[in-house]
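Colleague: Input: one structure, supplied below.
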Amino acid sequence: MNTLFMHCRPGFEGEVCAEISEHAALLGIAGYARGKPQSACAEFVCAEPDGGERLMRELRFERLIFPRQWARGAFVELPESDRISVLLEHLADYPVFGSLWLEVLDSNEGKELSTFCRKFEVPLRKALHKAGRLVENAAGPRLLLTFISGRRVFVGLAESNNSALWPMGIPRLKFPREAPSRSTLKLEEAWHQFIPREQWDLRLNDDMTGVDLGASPGGWTYQLVKRGMLVTAIDNGPMAESLMETGLVQHLMADGFTWQPKHTVDWMVCDIVEKPARTASLIETWLGEGLCREAVVNLKLPMKQRYGEVRRLLDRIEAGFKARKVKVSIACKQLYHDREEVTCHLRRLDLKSR
Ligand SMILES: C[S@@+](CC[C@H](N)C(=O)[O-])C[C@H]1O[C@@H](n2cnc3c(N)ncnc32)[C@H](O)[C@@H]1O
C-alpha cells in the first residue's frame with residue numbers, strides 16, 4: 001500500500017505531482033510523483049511501505065488544491081474472468097470496509113468503462129458482503145476501486161472523512177433551467193465544497209447581502225438570489241431579465257476592481273477573467289478591509305507553473321492578512337466545474353456575523 005493514487009482534471013497531472021511532492025518533502029516522506037499528461041491521474045510512489053498511510057494521516061484532503069480524489073493502495077492486474085476472486089484475495093490484507101465506490105478516470109477511456117463498472121458493482125458488492133470484507137457503515141474506511149481498464153484496477157483505501165465528498169470528486173449537480181449561464185454550477189459546487197450542508201441556512205440566507213463582481217449574465221447572481229439575498233451585480237454587460245424581475249438585484253455598470261460597497265456585505269463572489277495576481281489583490285482588499293465577511297473567488301490560471309503560481313499567491317494573501325492582523329480562513333480547490341482555474345473560499349473569522 002505504498003502508492004498514493006490521485007484523480008484530477010485532465011491536463012493537471014503536473015500540478016498534482018508538484019503539490020504532493022512539496023507536501024511529502026515537508027513531511028519527510030520519501031518517494032516520487034508521476035502522472036502521464038492528460039491521463040486524469042497521478043501517483044506518489046513512496047519509498048517506505050507506510051508512506052501512503054502517513055501522507056493521508058498528515059494531510060487533510062480538503063486542503064489539497066488539485067487532487068479530486070485520493071486513495072492509498074496498489075495496482076492489481078485482473079484476469080478476463082473471475083475478477084472477484086482475485087480482488088478478494090488481494091483484499092485479505094485490508095481492513096473491513098464501510099463503503100465501496102467504483103471509480104473511473106475523467107477521460108474518454110474512463111467514460112467507456114463506466115458501464116462495465118455499473119454492471120460489475122452488483123456482484124462485487126454481494127461477494128464482499130458475503131466474505132465479510134464490507135459491512136456498510138458510512139463512517140468506516142472506504143474501498144475505492146479505480147478501473148484503468150477491465151483488466152487493471154487501483155485498489156485503494158481512504159478514510160471517509162478525509163477524501164472526496166463524491167465518487168471521483170465529481171458532484172452530480174443538476175443545471176437549473178432558469179439559470180442564465182452554466183457557470184452557475186461553479187458557485188453551487190463551491191458551496192457544497194466549502195460550506196457544511198448543515199450551515200447553509202446560517203451562512204447563506206435571505207437576511208444577507210451579496211456582491212457579484214463580473215456578474216453578467218448572472219449565473220452566480222442566480223445562486224445568491226436563490227438563497228434570498230439582496231445582490232449588487234457589477235458588470236458592464238447585461239444581466240438576465242429574469243433576475244432583474246426578482247427585485248433582489250441592483251445592476252451597476254462599474255469596474256469590479258475599483259467599486260466598493262459603503263457597508264460590509266455578507267458575501268462577495270467574483271468570476272472576472274483577469275490575471276490571478278490582480279484577483280489576489282482584490283481578495284486581500286475585500287477581506288482585509290472587511291468589505292465582506294465571506295467570499296468565493298475564481299483564480300484563472302493560464303500560465304504554465306500553475307501550482308507554483310497558486311501557492312505563491314495564497315502565501316501572499318495569507319501574509320497580507322497577517323500584516324493587517326485580521327483572521328481569515330482560506331481554502332482553495334480546483335472544482336469539477338472549474339476549467340483552467342481554481343476556486344478560493346475566504347471567511348473573516350473575527351467579524352461578527354449579523
Ligand atoms: C466569466 S464571466 C462571468 C460569468 C458569471 N459569473 C455567470 O455566472 O454568469 C466574466 C464577466 O466579467 C466581466 N468583467 C470583466 N472585467 C470586469 C471588470 N473589471 N469589472 C466588472 N466586470 C468585469 C465581463 O464583462 C464578464 O461578464
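Cβ from N, Cα, C; glycine included.
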Colleague: TrEMBL has Ser183, Ser216, Pro217, Gly218, Gly219, Asp235, Asp271 down as binding S-adenosyl-L-methionine; which of Asp106, Asp255, Asp315 does it also list for that site?
Modeller: Asp255
Colleague: Do you know which of the recorded positions Ser216, Pro217, Asp235, Lys300 end up with C-beta under 6 Å from ligand 1?
Modeller: Ser216, Pro217, Asp235
Colleague: For Asp235 (S-adenosyl-L-methionine binding site), which residues of its chain lie six or more apart in sequence with Cβ-Cβ distance below 8 Å?
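Modeller: Same-chain residues close to Asp235 (S-adenosyl-L-methionine binding site) (Cβ under 8 Å, separated by 6 or more) are Asp212, Leu213, Gly214, Ala215, Ser216, His251, Met253, Gly256.
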Colleague: Across the listed S-adenosyl-L-methionine-binding residues, Ser183, Ser216, Pro217, Gly218, Gly219, Asp235, Asp255, Asp271, what is the farthest Cα to Cα distance, given in whole Å?
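Modeller: Largest pairwise Cα separation, rounded: 21 Å.
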Colleague: Which number gives the other C-beta atoms within 10 angstroms of the C-beta of Asp255 (S-adenosyl-L-methionine binding site), all protein chains shown included?
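Modeller: Step by step: centre on the Cβ of Asp255 (S-adenosyl-L-methionine binding site), count other Cβ atoms within 10 Å, giving 12.
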Colleague: In this structure, which of the binding-site residues Pro217, Gly218, Gly219 has the fewest other Cβ atoms within 10 Å of its Cβ?
Modeller: Pro217
Colleague: Could you check which of these binding-site residues, Ser183, Gly218, Gly219, Asp255, sit within 10 Å of Lys300 (active site, proton acceptor), going Cα to Cα?
Modeller: none
Colleague: Measure from the Cβ of Lys300 (active site, proton acceptor) and count the other Cβ atoms within 10 Å, all protein chains considered.
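Modeller: The Cβ of Lys300 (active site, proton acceptor) has 17 Cβ neighbours within 10 Å.
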